[in-house]
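The structure appears below as structure tokens.
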């Protein structure tokens, strides 16, 4: 534990129940608890059952879990119906929890809610509790979402986004059938323009954003400062960076026994993956992972497979079993000498491994954060929403990788993938990128070290709550 004086404060952490959301907010909870504030994680019954014994055995009463929603019978419920049901039931339970914690902590309570659950802020304010929106996306993405949300409402921004930002239209391209959902092509917003209904659903997180008492981002100051992103956001909101929210053993090593995220929705095959990497030379393996929500066509999977087959490097590909069925016949057998394909693997352990040369990623924010923190160059293959925005920053602002160019029909061809891998692994550009990511690795650790920007911001949050 930190040597900071005990504070009689209660931080209620309320994540959305996806793995990426849960992991980052749990790491934030650990940092808060390590500094001797009390944390309650309000989550679903299934998540509580998975995590409760492990978390509470490690943290005692510093971190407790409170189940506020029974999701045990949801397997056959459609996504939108499930979200509506979750909001209705969890809202009532969250309200009761806030009342209870206010009494126990003498009003020194803060609700840290997932930015994708904006209704939680309204409930907090109804009970006189301050609310901090915690975003699983980058600061640049939320700035873009906010700007686009204002546009859909027919409002103009007082200050335009800095020039470094890509056009707002970028996040509306290539919106796929996410999680197998099908959306109508377009709906009309208040400003009379047509938008993807999935985009409008995502933009709901901005509906009461200006009322939030604090905005928290899984980044660090040095990463947000280029392009004046932090400066622009700070003109509108109270913003603090508190990242990277990684297990301490992988970065600053200040928190004893903090060795993993603590929540996994998948069964991870650690041994075969790491043993295979151990057998490979340093910087000889391309790691490919596109997250849990990306679904590619058979044609696109074939292009990726043929690119990996024709390029000379070893590769490790984490690809879900449903996606493996789209691969060319005998691909695994034909590439067995240089490739390993698993349905999932321990990404933190993979990215810190000395055999990894680069990371082919869909540009989910957690993946980018991990790659930057571990100094791994990236080949960005973004699809939709925040991914193109973050890919733009990876290449154009942070100099940490390159982005594939798509054909006119949206396909990433095998030749393009091979070309990008060659640029990323060999030559002057590769050396420039390696130097940049090495710098970001150092800065990420410095942010969490004692007195670093994120470390200080977490202290300031606790002091702020103790002043209520």
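Placement of Cβ uses the backbone N, Cα and C atoms for every residue, glycine included.
Site annotation (Swiss-Prot): UDP-alpha-D-glucose is bound by 292, 344, 347, 362, 365, 366, 367, 370, 386, 387, and the candidate from 20, 60 recorded at this site is 20.
Here the binding-site residues are 366, 387; the one with the fewest Cβ atoms within 10 Å of its Cβ is 366. Of all the binding-site residues in the list 344, 366, 387, the shortest Cα-Cα distance to residue 21 (active site, proton acceptor) is found for 366. Residue 114 (active site, charge relay) is 19 Å away from residue 387 (UDP-alpha-D-glucose binding site) when you measure Cα to Cα.
DSSP assigns residue 114 (active site, charge relay) to a strand.
Remark: residue 114 (active site, charge relay) has 14, 15, 16, 21, 25, 120, 133, 134, 136 as non-local neighbours, by Cβ distance under 8 Å and separation of at least 6 in sequence.
For residue 370 (UDP-alpha-D-glucose binding site), the count of additional Cβ atoms within 10 Å of its Cβ stands at 23 [all protein chains shown].
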